[in-house]
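TrEMBL has this to say about the protein:
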ACT_SITE  HIS46  active site, proton acceptor
ACT_SITE  GLU73  active site, proton acceptor
ACT_SITE  HIS197  active site, proton donor
BINDING   ASN10, ARG21, GLY198, GLY219, HIS220  3-amino-2-oxopropyl phosphate binding site
BINDING   ASP12, HIS13, ARG48, HIS53, THR103  1-deoxy-D-xylulose 5-phosphate binding site
SITE      GLU154  site 'Transition state stabilizer'
Amino acid sequence: MAGKLRLGVNIDHVATVRNARGSAWPDPLRAALLAEAAGADGITAHLREDRRHIRDADMEALRAGIEIPLNFECAATDEMAAIVLRLKPHAVCLVPERREERTTEGGLDVAGDENRLAHYIAPLRDAGCRVSMFIGHDARQIEASARIGAAVVELHTGHYSDLHAEGRLDEAEAELAALRKGAALAHSLGLEVHAGHGLTFENVAPVAAIPEVMELNIGHFLIGEAIYLGLGPAIEEMRRRMDAARA
Ligand code: PXP
């Protein structure tokens, strides 16, 4: 089953750097085009409620300007549904959002909000978007995602990444085992499996090796590494490591 693994590059933090100075640069669209040229299979951008990085105009520019699929990440709010239905991106990834968090800290509680989310995603699906739920590896969340008719689940690798970074390798291994089990369950229910959050050159291989995982979405580390290597070479190196792990 382990076909080619896709790499979605998240360009949110290009906008973070731009917004720090209130200037027009660096431009997220230019980064997306560079990512595309370096072999990214898709571009992910998160339009947060507080617009702290990506802004509405960035989403419009990305939608019009890139050839590869756009994965529109957002909270399941009415405001975001209206924007998605206007732009009709290739994919929509629903994430939980809290204003005070620094990044998306946990997975979406699909099981606890099943009825509302089922109604929320129906028009997005009807508009042709592949709808993904960003969730933990918990079987309840995976089963609920299948029941509401999501096409994709993206498994949150943030906890694994944190454990790995702290050198708690036994615990990271246990977390990986749970991710593997979650990926197998999701696949058996007909869901396409993606994964992401906190992935780096050092920790990507075991996640890339999970055969049911079809796509990784990686942002913060790649944008940081672009400072040293350049964005294209950073993406190429990530791609090389993903492909090596897959082989
Ligand atoms: N996938 C989802 C759903 C996310 O929310 C994020 C962070 O915006 C990522 C992937 C990428 O995480 P990171 O920036 O840590 O690589």
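Any Cβ shown, glycine's included, is placed from N, Cα and C.
Automatic, uncurated: that is what TrEMBL annotation is.
Positions of TrEMBL features highlighted on the structure.
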{"residue": "ASP12", "record": "1-deoxy-D-xylulose 5-phosphate binding site", "CB count, 10 Å": "21"}
{"residue": "HIS13", "record": "1-deoxy-D-xylulose 5-phosphate binding site", "CB count, 10 Å": "21"}
{"residue": "ARG21", "record": "3-amino-2-oxopropyl phosphate binding site", "CB count, 10 Å": "9"}
{"residue": "HIS46", "record": "active site, proton acceptor", "CB count, 10 Å": "24"}
{"residue": "ARG48", "record": "1-deoxy-D-xylulose 5-phosphate binding site", "CB count, 10 Å": "19"}
{"residue": "HIS53", "record": "1-deoxy-D-xylulose 5-phosphate binding site", "CB count, 10 Å": "22"}
{"residue": "GLU73", "record": "active site, proton acceptor", "CB count, 10 Å": "28"}
{"residue": "GLU154", "record": "site 'Transition state stabilizer'", "CB count, 10 Å": "32"}
{"residue": "GLY198", "record": "3-amino-2-oxopropyl phosphate binding site", "CB count, 10 Å": "22"}
{"residue": "HIS220", "record": "3-amino-2-oxopropyl phosphate binding site", "CB count, 10 Å": "16"}
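Per Cα geometry, HIS46 is the residue among the recorded positions HIS46, HIS53, GLY198, HIS220 nearest to GLU73 (active site, proton acceptor). Each residue contributes its Cα atom, and for GLY198 (3-amino-2-oxopropyl phosphate binding site) and HIS13 (1-deoxy-D-xylulose 5-phosphate binding site) those atoms are 13 Å apart.
In this structure, GLY198, HIS220 are the binding-site residues from HIS13, HIS53, GLY198, HIS220 whose C-beta falls under 6 Å of some atom of ligand 1. ASP12 (1-deoxy-D-xylulose 5-phosphate binding site) falls within a helical segment according to DSSP. In the three-state DSSP scheme, ARG21 (3-amino-2-oxopropyl phosphate binding site) is classed as helix. Look at HIS46 (active site, proton acceptor): DSSP puts it in a strand.
Between the CA atoms of HIS220 (3-amino-2-oxopropyl phosphate binding site) and GLU154 (site 'Transition state stabilizer') there is a gap of 17 Å.
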